[in-house]
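If you check Swiss-Prot, you get these features:
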- H120, H124, D310: Fe cation binding site (BINDING)
- V142, V143, S144, G145, G146, D175, G188, D192, N281: substrate binding site (BINDING)
Amino acid sequence: MGEIDMNEDVYVLGIETSCDETAAAVVKNGKEIVSNVVASQMESHRRFGGVVPEIASRHHVEQITLVIEEAMQRAGVSFSNLDAVAVTAGPGLVGALLVGVNAAKALAFAHGLPLVGVHHIAGHIYANQLVAEMKFPLLALVVSGGHTELIYMEEHGKFTVIGETRDDAAGEAYDKVARALGLPYPGGPHIDRLAHEGEPVIDLPRAWLEEGSYDFSFSGLKSAVLNTLHNAKQRGEEIDPKHMAASFQESVVDVLVTKTVQAAKQYRVRQVLLAGGVAANRGLRSALQDKMKELPGVELVIPPLSLCTDNAAMIAAAGTVLYWQGKRSDLALNANPGLPLV
């Protein structure tokens, strides 16, 4: 089922609680946001330098009902107007996922609505459907805290992972380097900001891996940054964090963008999508826009910042496609922290 054309309006409530955002949204026809509510827990986790699963779960329990009520209220719809409830079933933190899954199951049961379990990464990809029509075949570069993947799609709901990280995800590397530079959590936005003030004058490695591979590796780069900082400290030298941020970011972005464009050429895609939390990175967005000039016939879609980070509108969008395809979950749906995409 490639191109989807539905004449009747479909309203789907999306619920997302995979990490540290409690989110709910109502989306019409898989592409029009009617409401989109996100309650972030960033302040609660900042002092720990990362997401604490137990704290995340407790916050989700406190927020979930309020967030869903607000999404329904802002959308001006009642449960009788909905066609389905879509929820992130995985991957993510198991305790966090369970809050959303249980809320979705309760609502689906109480209101007699179909339940649709959604893969979190499929959600990130379908965030792009909220800003542009998806054209197949396409290639999605998914870059987030836990994932760095190149995904080829021939049609709706059909995913082929052609490249993935062999060690650290790009977002993980950002957070670890940010910590080494003494920057607050989450590290990505801080490194991105600093990188624009500095120059990439420090020589850092780029892991291209073997010929023809679209996989990624960032642990060597992360180690090189930590070693460079450590050695400078031992010598009593000062390394300007701005220049280190610029050098690190250039190394990450160069590999991501080059491999994406190479894969887009090889797979002869019509469209390239950027997705995931790190897609909010200005350096990555502008470098990909520049590099895509090599492929004048291929459309590049980059979602607005609000749709890059975790949200429920993307889950509702992906859930609508599954709903149209007749795919449903039953009330035995469980949270799966290691849920595979394919």
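Yeah, the Cβs are placed from backbone N, Cα and C, and that goes for glycine too.
Annotated features taken from Swiss-Prot, shown on the structure.
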residue	record	CB count, 10 Å
H120	Fe cation binding site	26
H124	Fe cation binding site	31
V142	substrate binding site	26
S144	substrate binding site	25
G146	substrate binding site	18
G188	substrate binding site	26
N281	substrate binding site	28
D310	Fe cation binding site	27
V142 (substrate binding site) versus H124 (Fe cation binding site) - Cα distance in angstrom: 7
8 Å Cβ shell about H120, H124, D310 centroid, Fe cation site members excluded: E16, S18, T88, I121, G123, S144, G276, G277, N311, M314, I315
Residue pair G146 (substrate binding site), H120 (Fe cation binding site) - Cα distance, angstrom, rounded: 11
Alpha-carbon distance [H120 (Fe cation binding site); N281 (substrate binding site)] in Å: 20
Cα proximity to D310 (Fe cation binding site), best match among binding-site residues V142, S144, G188: S144
DSSP state at G188 (substrate binding site), helix/strand/coil: helix
Longest CA-CA distance among V142, V143, S144, G145, G146, D175, G188, D192, N281, per record bound to substrate, angstrom: 18
